[in-house]
Amino acid sequence: VFLNTKSLRSPANTLVVNLALNDFLMMLVMFPPLVTNSYWGTWVFGPRFCEVYAFWGNMCGCVSINTMVWITLDRYNVIVKGMNGTPLTSNGAMLRNLFSWVFSIVWCIFPFFGWNRYVPEGNMCACGTDYLTDNEVSKSYLYVYTVWVSVIPFCIIVFSYFFIVKAVMAHEQQMRDQAKKMG
């Protein structure tokens with residue numbers, strides 16, 4: 001639909017397509033092993049695929065979060081700044097999507113090089129970041145990763161939506177005031 005309908009091919013919708021594609025890829029890659037492992041009650045694909053599976057899930061989660069930040073910032077720009085905002089261009093949207101993927105790959109590749117690791121999770125049906133090992137190197141990755149991949153994006157989204165809601169409420173008040181003047 002996106003490719004066949006010219007009116008949908010806006011820069012903002014490019015961000016939405018990136019989010020949808022990422023979510024689809026996450027489901028496509030992660031769902032079959034999860035179902036298989038849940039059936040057998042343990043991880044059956046070996047340690048290397050456990051790492052790849054965990055990397056993929058971690059990376060797709062990061063891409064989703066980053067893409068939602070870009071979508072939020074675009075809405076902030078349109079709603080709060082209005083005509084004073086810089087419009088999102090097609091190249092700008094593509095660069096934001098590229099940044100989301102590169103940023104996510106960089107953060108999620110560190111466990112392959114010894115800064116934490118990917119291991120089977122407690123239920124043994126999925127794999128993820130090792131959050132149980134009690135050493136400072138593993139913990140430092142989790143802390144830094146949490147700040148850069150979760151806390152900072154969360155703060156950006158909350159900040160943006162605070163001002164979006166404030167702008168919408170101000171606009172609604174202006175509309176009510178205008179309606180009163182008109183009788």
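Cβ atoms are placed via backbone N, Cα and C, with glycine included.
Going by TrEMBL, these are the annotated features:
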type	residues	note
DOMAIN	1-183	domain 'G-protein coupled receptors family 1 profile'
TRANSMEM	12-33	transmembrane segment
TRANSMEM	53-73	transmembrane segment
TRANSMEM	94-114	transmembrane segment
TRANSMEM	142-165	transmembrane segment
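Highest Cβ pair count under 8 Å relative to the transmembrane segment (142-165), across stretches 12-33, 53-73, 94-114: 53-73. Over the domain 'G-protein coupled receptors family 1 profile' (1-183) the predicted model carries a mean pLDDT of 95.
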